[in-house]
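**Student:** Quick one: this structure, given as structure tokens, is what I'll be asking you about.
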Amino acid sequence: MSGADLSSTEQWNEIGWQLIVGGFLYFVFFTAAVIVDFSKAMKAFEERTSFTIRFNKSLWWLRTDVSHIFLALLNTLFCAFFIVRTYEREFTVGMRVVEGIGSIVFLIIAILEFVGSYFRLSYVLEYHTILNLIAIASAYYTLSTDFYLGFGFLRSVLALKHTKDIALLDKVAGGCGKLLLSVALLLLTVVVYVFLFASAIFITENLGDPEGIHYNPEEWSIYNSFYFMIVTMSTVGYGDFFATTLLGRLLMMFCIAIGIVIFAAKTGELFEIVRSDQLGHGRFRNPDYSSFVVVVGNVTGEILELILDQLLHPDRLLRVNSRGTRIVALLPTEKKFLELKSHFSNEVKLKNAKYLHFFVGNPLEPGNLDRVQIKNSSAVYILSPEAKHGAEINDLRQMFTAVAIRRHLKEIEATNRNSRKIPIKLNVSQRRFWQEYQHPLLTDPNAEVDVVSYDKMMMSLLASSALAPGFTTFLLNLITQIGEEDLQARPEDKPWMRSYLNGAANEMYIIKPHAQLYQQEFWDLHNTFMSRGALLLGYPPTR
């Protein structure tokens, strides 16, 4: 019986029987959950054998992307069958086979998930379990009675759930961006709600009231139901279609109330996603595939300017044949994000701002490292945190950050053989602390981790400067008091005086350069000073 030869009351009886069968199936699962979860004998068996833990681990294949994609497509196929039957009102042989096998698959998976749940009652009370059991019971009932209307449209919610569980979507979002993925999922959610309400209004308007009162003689199609629900839920309301049955009008009051809430909530979520992306919570996109470095830690505008000057220096660009290296900074707070945005907003600094990309997140979380595409970076720089705490605490934070980044990169290297090793460069205050608290991930010979310590660097500079001519003279000028006896003595009689006189012409001076010097390159100035017997160590880039 396709349903066309049944009266309105008889068709509603068919819908009611489907709900009864679905309720009975749900009651079986609910009763089993109560018995298993609250039975002392079952608890003792579980404690003795750890059955649930071992069985849950054996269901790893149900949590894979392949399983989620398959179940999402199968649920979508059932929704397509529902739409086809609203027009054909009969089952083809292919539809019978697919729905029969598919329903068996859904029932087996439901049983496996039930057995593998740590708390079965919680699993039974979840919305997707309820919808799944009702849809399973409805499918078996319609297959056995040939009644064309069922609850297959409920599978749209299950298809949406499995789609959101696909972890691969986050990786695909690396190319299109988290914003676009979030918008797509929001639109898909709205489509699912529209489909649910459109299917419900289709059933009520086509079956009519059980008593035949206010029956709509003009039969609604599923297309008209879609159109009607979109117009109604978006609060446009053209009025060319309207419910005429009592049940249809009651359902419409519910749909309008829910629809307004859904559209308002989803619109708010969309604006929040856009706002979040603008405040650094998005994902780094590298459309021209240029090289970039990731910078974490105490990132300031001055430090970024110094790094940019080095990365964008004409000599370097010519040597590496590059269009410029980008800097991707992972910042701790939105406040720091806004500060750096403001720092690089003036016209002078804006020309290099296109090479800067700011994001907000904790580098200890792997998800934030994926957002900045750390696996494709040229290097990672870990800057020392602000000096709010002691040197050891700051160094400990540096080590935690380096370990987290190195662990994440090692996981990438293990899963992708073609991945390249990414060097990590960080600075610490005390070399001794770093040597005492070494971590295997950082001391691994395959890990390219370069550590620069302030104390060792300062001692190296001091030792190097002591070998430079003029250092002895400079030091003696500070600590030596020369009297009349020293002035009358001969240099060969006092060794320190010979060193003093030898270095007197090689002291370091700070001079105020002429304005024209700023127009010359450092190398040209260096040669000019060398020709006059002086060594130019450095000069400010601007006046």
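Each Cβ is built from the backbone N, Cα and C atoms, and glycine gets one as well.
Pasting the relevant annotations from TrEMBL:
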| type | residues | note |
| --- | --- | --- |
| DOMAIN | 191-274 | domain 'Potassium channel' |
| DOMAIN | 290-413 | domain 'RCK N-terminal' |
| DOMAIN | 450-538 | domain 'Calcium-activated potassium channel BK alpha subunit' |
| TRANSMEM | 15-36 | transmembrane segment |
| TRANSMEM | 66-85 | transmembrane segment |
| TRANSMEM | 97-119 | transmembrane segment |
| TRANSMEM | 139-158 | transmembrane segment |
| TRANSMEM | 179-202 | transmembrane segment |
| TRANSMEM | 222-239 | transmembrane segment |
| TRANSMEM | 246-265 | transmembrane segment |
**Student:** Mind looking up the mean pLDDT for the domain 'RCK N-terminal' (290-413) in the predicted model?
**Tutor:** 77
**Student:** I need to check the long-range neighbours of the transmembrane segment (66-85): which residues 6 or more away from its ends have a CB within less than 8 Å of a CB in the stretch?
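**Tutor:** For the transmembrane segment (66-85), the sequence-distant neighbours (Cβ-Cβ under 8 Å, at least 6 residues beyond its ends) are 91, 95, 98-99, 102, 105-106, 109, 135, 139, 148-150, 152-153, 155-156, 158-159, 162-163, 165-166, 195, 199, 222.
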**Student:** Which residue counts does DSSP yield for the domain 'Potassium channel' (191-274) in the helix, strand and coil classes, in that order?
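**Tutor:** Breakdown, helix to coil: 58 helix, 0 strand, 26 coil.
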